[in-house]
Amino acid sequence: MKREYPDSGTSSSGGAAPKGKHPASAPPSEEDVDELLAALGYKVRSSDMADVAQKLEQLEMAMEMGAAASTAPVSDDMAFFPETVHYNPSDLSTWLDSMLSELNTPPPPLPPPPMPPPPSVPSFAPAESSSVNFDPNPISQSDPSRERKRMRTGSGSGSCSSSSSSSLGRGGAGTTTIGSESIEPAPVATPGLPVVVVDPQEAGVRLVHALLACAEAVQQDNLKAADALVKQISLLASSQGGAMRKVATYFSEALARRIYRLRPPVGPISDPSTFDSFADLLHMHFYETCPYLKFAHFTANQAILEAFAGCKRVHVVDFGIKQGMQWPALLQALALRPGGPPSFRLTGVGPPQPDNSDALQQVGLKLAQFAHTIRVDFKYRGLVANSLADIEPYMLEDESGDGEPEAVAINSVCELHGLLARPGELDKVYHTVQKVKPKIFTVVEQEANHNSGSFLDRFTEALHYYSTMFDSLEGSNGSPTEPPSPGQPDHVMSELYLGRQIFNIVACEGPDRTERHETLAQWRRRFSQAGFDPVHLGSNAYKQASTLLALFAGGDGYRVEEKDGCLTLGWHTRSLIATSAWRVMAA
Amino acid sequence: MKRASSSSSSSSSSSSSSKKLKSEESPSPIPDLTEDLLYEVLRRADERTLGAAACVSSRWRRLAQDERIWESVCLRHWAALGCAPCQLRSVVMALGGFRKLYVSYLAPTVPTRSGRRRRWSRDELQMSLSMLSVGFFGMMGGPMGKFPPGKGI
């Protein structure tokens, strides 16, 4: 970063040079400046300019001396405020005074200008090794200047300075946008429109562009540019609110991980497939706060119930039993069916536990207890498997084999996409299912293509998908029977649940990248090729789903749609999750 | 809410004297109905009335919260019952009872106060039963303990 004033200030007649610069720079935009400044509470008259310049010089010299004394490297421009001062000398008059007095004495609290506090840039500070002197300083003016400066460093392409402005965003001053190109010559031509007022929508668009630009840079292996963009994204994201901010934060974090090759192997935060208690907790919170998983369970259950009509012995295989939340409802429905419940067997598949606890068995016990309460004959078997491809048909066989054969249903909720990470695994599973010959194979998957070969395509798709997801979390109030809790802690957990998926999609590759979602159409093709016929889900399932949504207060935005016998649940126009059912093709 | 028929049947003079008697001897203005009579009255009341009745006294509350009454409230609204009533009863009672079923899972589906005597479809019935099951399961002790803590679903 060029430091103009110090360069000119090293000469003893420093006062002349800055002064000389001012008249050249001040006039054209002076009215604008004052207007803007006045709107923000700054009051600088042109007559003060010279004075300001002189103070600048003093400040500079004081800082240089301070730098020499401190351990901060002089070349680290970030540590010094005068850098930012260059762009807006017009607001310096009082600020400079205080700065100077600060340097000489312990900082007195500066009366903050009447503007809302700037966005939390401090997230930046550690990365940029900001000077310790000024951190505790509640001077808020410095932040926007600093931000703008950082934007300049960071931006290779376009968008910048919107974050500070949107926080300071006073509509009264009008929306003046300044692209980077106009700020470049600013120190000379214009002392700078010190504040850029951009409306949040525009900042949002810029944010998306920045995210996509960064993804493109990553795809092209241009890591330097990507790195700069990531920082820019963090800044832009902090200017947004609500869902957009959260989505952008997760995506930028994921991009950062990808850039810095921080791919934690198996950790609670990053690996969504780890079946540890933390993942369980997140999963349950997600189950509670939004209807997607409930939709999945209830529609699948309806299909299974219909497939089991008239059967006296039934066997359900759950490819990802987790906490077994799907099965109480099915057990109850079976208990209430005309003619009484069948004898019910459940095989729950789960990954091995890191702490050797037998979670599968515990889930089974709880379900058995439930079944006992409603008087359904219940048997349970837990299958520990690292991957679904490890399951062999004999493991699912009916050992008792007395009298009537079992009717089998296989259920997979968001478990199949993980198989795409390793070649051949899905085919193996298809093969096993074919051998078992279930009456029905219910499949629920995310309705999105997050598995394309191109990173940028994946990223773009994921960005849209998770933005919609986060919007729906934001928009829904959860179930009406829940009291609205301040701060909505459940949403935080659900967001983290989704965030982990984002990390996996963006930051991981190869066998680690397990969140390989594909669209319903893609799955349909796969199933047909593997020898399965679709089973239409029927109007009961549709009505159940509609009733479910009616129970959710935020049900306005949710949409259930029927697509060729499959049901999808989405937010407004975007489908987010799809349930389908299959049976083995008659030979 | 119906005031006791007994006081209305008596003549005006005796009612005034009985009023005086009441104010003298006990502060309770609640008419002295037998349990059976009260039950019969409440059995025909609608849900709002039952809720109000439960706030009158502990005796009234005990009666207003009787499961048989709530069972008839729920059954009254269901268009078609897919199963035998005793079957339904045993399952629902095991999972928390009809009153809980109504309050937690059926009442929220009633759009406004004006939607009285609305018949629920089988799907709504099934959905509410499913939610009841899930809620019960969540509240069972187990490896995760009770989840969500303190909430109904």
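Please read every residue number as a count from 1 along the shown chain.
Any Cβ shown, glycine's included, is placed from N, Cα and C.
Lifted from TrEMBL, the feature list:
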- A:1-33: region 'Disordered' (REGION)
- A:34-107: domain 'Transcriptional factor DELLA N-terminal' (DOMAIN)
- A:99-186: region 'Disordered' (REGION)
- A:105-121: compositional bias 'Pro residues' (COMPBIAS)
- A:122-131: compositional bias 'Low complexity' (COMPBIAS)
- A:132-143: compositional bias 'Polar residues' (COMPBIAS)
- A:158-168: compositional bias 'Low complexity' (COMPBIAS)
- A:212-216: motif 'LxCxE motif' (MOTIF)
- A:283-348: region 'VHIID' (REGION)
- A:314-318: motif 'VHIID' (MOTIF)
- A:362-394: region 'Leucine repeat II (LRII)' (REGION)
- A:416-420: motif 'LXXLL motif' (MOTIF)
- A:507-583: region 'SAW' (REGION)
> Do any residues of this chain, six or more beyond the ends of the motif 'VHIID' (A:314-318), have a C-beta under 8 angstroms from a C-beta of it, and if so which?
Replying inline: 304, 308, 324, 326-327, 330, 334, 342-349, 396, 398, 406-412, 436, 438
> What parts of the chain pack near the region 'Leucine repeat II (LRII)' (A:362-394), using Cβ distances under 8 Å and only residues at least 6 beyond its ends?
Replying inline: 319, 321-324, 327-328, 331-332, 334-335, 341-352, 412, 415-416, 418-419, 422, 424-426, 428-429, 432, 435-436
> Which residue counts does DSSP give the motif 'LxCxE motif' (A:212-216) for helix, strand and coil?
Replying inline: 5 helix, 0 strand, 0 coil
> What average pLDDT is reported by the model for the region 'VHIID' (A:283-348)?
Replying inline: 92
> Tally of helix, strand and coil residues over the motif 'LXXLL motif' (A:416-420) according to DSSP?
Replying inline: 4 helix, 0 strand, 1 coil
>> Counting by DSSP secondary structure, give me helix, strand and coil numbers for the region 'VHIID' (A:283-348).
In response: 32 helix, 12 strand, 22 coil
